[in-house]
């Protein structure tokens with residue numbers, strides 16, 4: 001049987017469910033697919049299908065993630081749900097599932113709990129742009145005042161992490177009742193999806209952002225000059241445009257005199273293209289792997305940053321022993337290893353710790369020996385002699 005073609009007739013958005021353990025994320029995910037399946041916009045999945053998600057390996061880290069897809073009248077969604085708390089954290093830090101927005105699930109019976117807060121913070125740090133709240137298990141709370149109090153508490157919590165608490169929609173739902181086919185609660189799931197359609201913005205396409213290409217290889221063509229190759233991460237670049245070479249050494253300006261892809265000449269290269277860019281007046285030794293070519297003035301190199309890091313366990317190929325402040329690994333950023341130092345760290349909840357064990361999650365301050373184009377929300381790996389021992393995301397640029 002021939003595979004059916006993916007129809008691109010609606011905008012595609014990646015979302016996920018986040019929130020405290022046992023607040024009903026997986027049940028709600030199942031309910032969404034069941035309610036939309038009745039309109040022919042999804043394949044109905046039950047709790048077991050989603051909860052029994054197979055393990056995935058992303059950069060050598062084992063993550064349990066369930067992927068479901070469904071449509072609303074407006075959009076096509078890919079939705080991730082992770083059964084375990086540790087899986088969420090790994091997922092968000094490694095970028096295994098990039099989210100354009102998330103449904104924060106909070107049980108009306110409990111109100112916000114520890115992981116509710118932690119997931120909101122993580123969403124902020126890894127750059128999830130928008131949230132919608134599903135206040136779940138509302139069928140179990142008779143008192144309207146309790147629900148109002150929980151809503152206020154959630155809004156204050158969102159505000160404290162710089163999300164617009166007053167504007168984020170909070171929809172009262174019961175994933176379980178909707179799954180059982182109760183029509184009142186089914187309509188609440190539809191209301192939730194209408195809020196998701198309206199409040200989670202369509203992602204800005206990479207092509208509309210300022211040009212950036214990480215240099216993977218450099219060679220010189222006799223009589224023509226120096227060519228840098230790589231995959232364009234975002235934006236587009238035209239022949240004749242000025243670009244900056246950023247990172248490792250002082251930033252310098254050059255002009256793109258040719259764009260080639262698969263040995264063919266192009267007028268412009270765009271996000272996703274693997275290209276060779278011919279650069280005017282640049283010697284082969286002036287540019288190396290690990291530098292980036294960017295739209296003039298769009299990015300500055302940095303050496304000091306804060307990051308959220310997951311340190312691999314021994315079984316995941318990580319270290320067998322702990323490390324201490326002052327540890328000097330390589331940071332693999334975009335296309336190259338840069339030596340640096342982890343000057344300070346705390347546990348992920350801010351508690352002071354003396355050492356970092358394999359399997360830990362930490363907040364760290366890193367300092368690189370030379371400036372590189374690092375940006376907030378960017379992923380990096382921590383390596384030692386060529387093997388990955390940690391995965392992280394830049395939460396803040398210091399200098």
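Including glycine, each Cβ sits where the backbone N, Cα and C put it.
Look at Swiss-Prot and you will find 10-204 tagged as domain 'tr-type G'.
In the predicted model, residues of the region 'G1' (19-26) average a pLDDT of 94. Annotation source Swiss-Prot lists region 'G1' at 19-26.
The Cβ of residue 22 (GTP binding site) has 13 neighbouring Cβ atoms from other residues within 10 Å, across all protein chains displayed. Per Swiss-Prot, GTP binding site is recorded for 19-26, 81-85, 136-139, and the stated evidence type is sequence analysis.
Marked as Mg(2+) binding site by Swiss-Prot on the basis of sequence analysis: 26. Within the same chain, residues at least 6 positions away in sequence whose Cβ sits under 8 Å from that of residue 26 (Mg(2+) binding site) are 17, 47, 50, 51, 66, 81, 83.
The region 'G2' feature in Swiss-Prot is assigned to 60-64; the stated evidence is similarity to another entry. Sequence-remote contacts of a segment are chain residues at least 6 beyond its ends whose Cβ falls under 8 Å from one of its Cβ atoms, and for the region 'G2' (60-64) they are 53-54, 82-84, 87, 90-91, 94, 96, 310, 312, 316-317, 388, 391.
According to Swiss-Prot, the feature region 'G3' maps to 81-84, an assignment based on similarity to another entry.
Residues or ranges marked as region 'G4' by Swiss-Prot: 136-139.
Working note on the binding-site residues 25, 85: by count of other C-beta atoms within 10 Å of each C-beta, 25 ranks first.
DSSP states for the region 'G2' (60-64), grouped as helix (H, G, I), strand (E, B) and coil, give 0 helix, 4 strand, 1 coil.
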